[in-house]
Structure formats: C-alpha cells, structure tokens
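Chemist: My questions will all concern the structure given below.
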Amino acid sequence: MILHTYIILSLLTIFPKAIGLSLQMPMALEASYASLVEKATLAVGQEIDAIQKGIQQGWLEVETRFPTIVSQLSYSTGPKFAIKKKDATFWDFYVESQELPNYRLRVKRNNPEVLKVDFTKQYSGYLDVEADDKHFFYWFFESRNDPQNDPIILWLNGGPGCSSLTGLFFELGSSRINENLKPIFNPYSWNGNASIIYLDQPVNVGFSYSSSSVSNTVVAGEDVYAFLQLFFQHFPEYQTNDFHIAGESYAGHYIPVFADEILSQKNRNFNLTSVLIGNGLTDPLTQYRYYEPMACGEGGAPSVLPADECENMLVTQDKCLSLIQACYDSQSAFTCAPAAIYCNNAQMGPYQRTGKNVYDIRKECDGGSLCYKDLEFIDTYLNQKFVQDALGAEVDTYESCNFEINRNFLFAGDWMKPYHEHVSSLLNKGLPVLIYAGDKDFICNWLGNRAWTDVLPWVDADGFEKAEVQDWLVNGRKAGEFKNYSNFTYLRVYDAGHMAPYDQPENSHEMVNRWISGDFSFH
C-alpha cells in the first residue's frame with residue numbers, strides 16, 4: 001500500500017496527520033526555530049543559510065498553505081521493539097560469499113504442518129548485515145506445481161514501510177487469515193505456478209529490524225541484490241529458472257531501482273526475466289495530475305467531491321507540479337520533501353478527508369488505519385508466539401506498516417523523485433515490464449499510470465504511443481484492457497482497487513500466469 005499500504009500504507013502515511021509526522025525539537029529550541037524550514041534544517045543538521053532561497057520558498061509555501069503542519073512536526077522516534085535473537089542451533093543453514101563479505105543469510109526449513117499456510121516446501125530466515133546491524137526477514141514458498149522448473153517471484157509491498165507479508169495473507173499468497181486467526185487456503189495463490197519469496201524491506205519493516213534506518217530506495221537496492229545473490233547460491237537448483245520481481249504501490253519506486261541494480265551486476269547467479277508493478281507510484285510529475293480527475297468523476301466512477309473541492313484541487317495543482325519539477329531537477333531532500341508534503345495534502349487530502357477508502361473509490365473504510373479490518377487479523381495472527389517461533393522471527397511485535405519509515409523516506413526526499421527513469425533504462429536493456437492498475441484505486445490510480453506509461457521516453461516509445469488499446473479477456477469475459485509494444489505492457493484491471501489480487505483474485509491469477517509463461521504481449 002502507499003504508506004503505500006503495502007504501498008498503500010505508505011500512501012496513507014504521507015499525510016502528516018495520518019502518519020503522525022513527528023519532527024519535534026527539544027523544548028528549549030522550539031521558540032527560536034518557529035518556521036517549518038528552520039525545523040527541517042535543524043532536524044538534519046544543516047544550516048538554513050546554506051539552503052537556496054528558492055528551496056526555502058518551497059517550504060514557506062507549504063507552511064502558508066498548511067499551517068498546522070508546523071505543530072505536527074516533531075524530531076523524535078518511537079521505541080525499538082525487543083529483539084529475541086535465536087540460538088545458532090535454531091538455523092539449518094548459514095550462507096556466505098567472498099564476493100559479499102558483509103552479508104550472511106540464515107535459513108530455517110519450515111514444517112508446513114505447524115502453521116498450515118500451505119503444503120509446499122517453505123523456508124524462512126534473515127539476511128544479516130552485521131556491520132550495520134541490519135536484519136531482513138524473508139519467507140519462501142515453493143510452487144504448488146513444478147518447483148524445479150517454475151519461475152521464481154520476489155514480491156515486495158510498498159508504503160514505504162509496509163510488510164510484504166500483507167501481500168502473502170491479504171492478496172496473492174497461499175492463505176488468507178480469517179477472524180478466527182485461521183489460515184484459509186487460497187486457490188488463486190500466485191504460487192500455483194511459481195515459487196514466491198516475500199521479503200520485508202527496508203529494515204524495521206515487518207519482522208525485519210535494525211538499530212539504524214534506511215530512508216531512500218537506492219540504498220535499499222544494494223541490500224536486496226545481496227539477498228538474492230545469497231539466496232540463489234543456497235538454492236542452485238533455481239539459478240536457471242526465470243526470475244521476476246513483482247510488487248505494488250511504493251514498489252513502483254523500489255522495483256525499477258532494484259532491477260537496474262541487478263542488471264548492473266555482471267556476476268549475478270540468477271536470471272532476471274521481467275518486472276511487474278501494480279498500482280505503483282513511479283512518475284509523480286505525471287501521476288499527480290490525475291488525482292483531481294479520479295476524485296471528480298473522470299476515472300469511471302462518480303465524483304466523490306463537491307465542485308468547489310474539485311476546483312480547489314485544480315487551483316493548487318500548478319504549484320504542486322512546479323514543486324515536483326524542482327525535485328526532478330535537483331533531486332535534493334530539501335527540494336523534494338516540500339513537494340511531497342504540499343502535493344499530498346493538496347491533491348490527496350480532499351479525498352482522504354471524506355473518509356472513503358483511498359484504495360477503492362467504491363468503498364468506505366471498514367475499520368483499521370488502512371481501511372480493511374482483515375489487515376488487523378493478519379497483525380494479530382503474526383503476533384502469536386507459536387507463529388513467530390515457527391518462523392524464527394526475532395522481533396517481538398509485528399506491525400503491517402511502520403509509519404516512521406514512511407516519514408523518513410518522505411523527509412529524505414525519496415517520495416517525489418523520478419524513478420520512472422529507471423523504467424526507461426530497463427526497457428532499453430530489453431527487460432520486459434508490466435505496469436498493471438486496478439481501475440477503482442484512488443491513491444495510485446489507473447489514469448495516472450496510463451498517462452506516465454504513454455509519455456515514458458525509451459527506444460520504442462513511438463511504437464508504444466501508437467499501439468492500440470485492446471480488450472483483455474479472461475475465460476471469454478472482458479477483464480480489462482491492455483496496450484503493448486515490444487517489451488512494454490500496460491494493463492488496466494477492471495473492478496479492482498489498489499490491491500488487484502484482493503479484489504480480482506481469479507483475473508489477477510490469470511494475469512500473472514500469462515505473464516510468467518512468457519506471454520509478455522497479452523495477445
């Protein structure tokens with residue numbers, strides 16, 4: 001969500017009030033640093049005189065438009081959860097490599113009969129970066145079909161700050177968790193024809209932990225590459241299988257960077273075959289033009305806002321886009337952070353204040369901070385001691401989303417950066433890319449995703465722009481529409497929200513099976 005939650009969670013978290021933005025200073029300093037930009041510079045230890053006047057103006061614009069944000073900022077972090085390090089004998093395997101001397105992979109063979117999430121072979125464990133005290137949790141499920149030959153998928157949720165176990169238990173994984181905290185078999189799990197790795201990243205997400213933090217996508221990419229290299233070293237039987245990276249929401253940032261990092265590594269021991277991004281945030285400068293149309297009746301659903309609110313969104317849009325453009329030009333935290341704060345409040349805020357579900361424009365929130373009460377069942381399930389013991393979890397409290405990470409990424413300027421440039425790079429290198437979007441999502445809506453794919457510069461951009469939109473059929477029924485040229489495909493999924501596998505499990509299952517079978521055109 002975009003917190004994204006998964007990515008979505010991340011999206012929710014971008015609103016200062018929703019994420020509890022806290023950049024509060026010591027009380028002795030509060031009086032002398034009254035403005036938002038002064039607070040921000042103090043928080044990161046930079047002198048205000050060193051900040052360009054134009055950038056300062058961006059912060060002042062935020063403060064003028066949204067005055068309450070100053071009182072909501074605090075420079076503080078929450079308590080770190082207790083860590084329960086497992087004895088060395090708990091782990092079945094340790095994996096190390098001379099090429100990656102700072103990394104180690106711990107592997108535990110899981111007994112499927114204990115948790116009954118699936119009957120397939122499973123492993124869980126941690127990637128350790130001891131020098132930086134970083135520990136990434138993962139859970140691997142073999143394919144239900146032909147694990148020796150089926151593809152491997154790495155699944156990433158977004159936020160930033162949301163656990164990929166949300167994808168496992170809420171969307172595309174082996175089981176759903178019901179109100180009685182029992183796993184319910186999912187016949188449309190994506191591991192029907194692929195083995196899947198669920199990775200909690202960056203650190204301090206889900207069961208991952210660290211005494212430090214990661215606040216930008218590029219740094220996270222280096223750790224993900226190391227994880228994959230050690231994983232495939234331990235499981236050489238998968239090295240020649242197709243390997244895909246898939247995710248949603250803020251993974252629209254993660255995946256392009258991670259895939260580009262992987263392709264830059266000449267000694268990789270696995271076969272990156274494609275990437276899939278669902279309802280992603282990838283090109284903010286284009287996508288932020290489409291919050292007003294989606295909220296105001298132009299996205300295939302009735303308007304949820306009165307005319308004056310829609311007009312106000314248009315009035316503030318020009319300033320929003322100018323701030324994002326400044327971020328694209330400089331890519332500095334002090335330019336990009338005010339763009340995120342201003343635009344998220346001006347373009348997402350009016351919809352969010354209605355109380356409707358930002359992940360599905362058809363629905364009201366039905367409970368919980370992420371609008372889905374079922375997500376609370378997952379948190380409760382994963383906080384049970386017998387579950388944590390079975391997985392080897394070393395964190396005593398599991399949370400679907402970590403709002404501090406969301407805040408850290410926002411204030412590091414990561415939110416508004418032009419990560420679509422990495423998609424151009426991937427396409428130019430010949431890697432197949434699928435961008436899919438449920439058409440009832442608001443926060444990373446299909447209008448914005450369609451728009452940025454249409455204007456993306458790459459070697460075959462002209463051909464993609466001119467390609468015809470065609471019906472996507474599942475079992476003879478219209479399930480969406482797609483556009484394809486060469487190795488680039490955009491797919492609109494009908495009647496699905498931010499999390500397409502949740503709303504349209506059968507159609508999403510067909511989508512991924514067709515894609516990983518090598519049908520990159522959907523013809």
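Each Cβ is built from the backbone N, Cα and C atoms, and glycine gets one as well.
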Chemist: Of the residues Cys327, Cys343, which one does Swiss-Prot pair with Cys336 through a disulfide?
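Modeler: Partner cysteine, according to Swiss-Prot: Cys327.
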Chemist: Would you mind checking which of Cys296, Cys343 shares a disulfide with Cys310 in Swiss-Prot?
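Modeler: Partner cysteine, according to Swiss-Prot: Cys296.
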Chemist: Rounded to the nearest Å, what's the C-alpha distance separating His498 (active site) and Asn271 (N-linked glycosylation site)? Just drop the number here, would you?
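Modeler: On Cα coordinates alone, these residues lie 29 Å apart.
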Chemist: As a test of the contact definition, list every same-chain residue at least 6 positions from Cys365 (disulfide bond) whose Cβ is closer than 8 Å to its Cβ.
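Modeler: Listed in sequence order: Gly355, Lys356, Asn357, Cys371.
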Chemist: Between the recorded positions Cys310, Cys320, Cys343, Asp441, which lies closest to Asn487 (N-linked glycosylation site), Cα to Cα?
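Modeler: Of all the candidates listed, Asp441 is nearest in space.
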Chemist: Cα-Cα, whole number of Å: Asn193 (N-linked glycosylation site) versus Asn271 (N-linked glycosylation site)?
Modeler: 17
Chemist: Given the recorded positions Ser249, Asn271, Cys401, find the one whose Cα is closest in space to the Cα of Cys310 (disulfide bond).
Modeler: Ser249
Chemist: What's the most sparsely packed of the glycosylation sites Asn193, Asn271, Asn484, Asn487, counting other C-beta atoms within 10 A?
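Modeler: Asn271, out of the glycosylation sites Asn193, Asn271, Asn484, Asn487, has the fewest neighbouring Cβ atoms within 10 Å.
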